[in-house]
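> This is the structure, below, for whatever I ask next.
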Amino acid sequence: MKTPRLLQYLAYPQKITGPIIEAELRDVAIGELCEIRRGWHQKQVVARAQVVGLQRERTVLSLIGNAQGLSRDVVLYPTGRALSAWVGYSVLGAVLDPTGKIVERFTPEVAPISEERVIDVAPPSYASRVGVREPLITGVRAIDGLLTCGVGQRMGIFASAGCGKTMLMHMLIEQTEADVFVIGLIGERGREVTEFVDMLRASHKKEKCVLVFATSDFPSVDRCNAAQLATTVAEYFRDQGKRVVLFIDSMTRYARALRDVALASGERPARRGYPASVFDNLPRLLERPGATSEGSITAFYTVLLESEEEADPMADEIRSILDGHLYLSRKLAGQGHYPAIDVLKSVSRVFGQVTTPTHAEQASAVRKLMTRLEELQLFIDLGEYRPGENIDNDRAMQMRDSLKAWLCQPVAQYSSFDDTLSGMNAFADQN
């Protein structure tokens, strides 16, 4: 981060409140890592903290870990560097904590650790990127056929609680064609992390997976760092020429962690209680994936909606940055329709770049069919639909059940791209 210091400045904490420490530290920078020791004459590091704010004569730090056992007598030692982690092929098949430490393995180690990387870095420049031109085959009919994603695209999965976000993530991990899968579980329940690890243990792709976690009981700065670490791991494999798929679950809890850190450092709340820096930091993370001349990172970010009816400024901000979104419907989930993707409310902004004219024409025909069925649903609910009055409506009603069955797909069922196009073509020809 900076040149080596000739003098090292130390400080005692003036205030410890939860995970926040205030001290008169000089010559430190935002994001810098500080070691915490029992005394100035002791070398044992008992904790670490990260600089998150600078005020007049005081520095605000956020603990990495909890404050249990700390006292007024501990000493803060600036390290002059930002938080970094060792990454390499050794993390494949492993579970990492927010500091990059391997806490569990579900496959044997394949290679030694090879490189130390700072986890909070700027996105790649436009000159180093390449366009999204190749489709990403996910094996999910609704996505491959009607919402085709591209290699290097960034997609959001928007849903309220209980709509099947985790189920869709499992499908994408099991069926998507990629070299490496990096999963970041940010602010999730401990039970969900356990279940996800169990799923990966049983997966035939476990040797390709890396899981980074920071559960809801972790300090805010740890939750922020976990998302950055997951992205850093994905960037490492992209630089090795790999095709990487990155999952962050969830961006909503990452944004809340950013908010907590910003408020603790003294920032004032702005939109919906979020300080302005949160809206600066979101694109810094979301712009890091993408395709470069070496490899690619295709990213899926889940966003938890507070309500399907009310406007959500954080969800709107994330949606505006990404290259598309999959909207999961609570109504479809309640009907047992999984994956509960509301195709008409979802969009892939690179669809036209990764599909053939024939594919695009067929998808348009199926969308028109779905739009007509949605319009007819009101008449059906009111008992006003009369067969024989409109031949186009009758044709759409005849295909309704088969279209619904085609859009539904069990978690373990894989649909090849050719089969998906063939099934979609059957609906387009009848429409």
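FYI, residue positions are counted from 1 along the chain as it appears here.
Note: Cβ is positioned from N, Cα and C throughout, glycine not excepted.
Sharing the features that Swiss-Prot gives for it:
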type	residues	note
BINDING	Gly164, Lys165, Thr166, Met167	ATP binding site
> Using DSSP, would you call Thr166 (ATP binding site) helix, strand or coil?
helix
> Determine which residues of the same chain, besides Gly164, Lys165, Thr166, Met167, have their CB within 8 A of the center of the CB atoms at the recorded ATP site, and list them by sequence.
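My list of surrounding residues reads Ala159, Cys163, Leu168, Met169, His170, Leu328, Pro339.
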> Would you mind checking how many other C-beta atoms are within 10 angstroms of the C-beta on Met167 (ATP binding site)?
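Met167 (ATP binding site): 15 neighbouring Cβ atoms within 10 Å.
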> State the count of C-beta atoms found within 10 angstroms of the C-beta of Thr166 (ATP binding site), not counting that atom itself.
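Here the count is 17.
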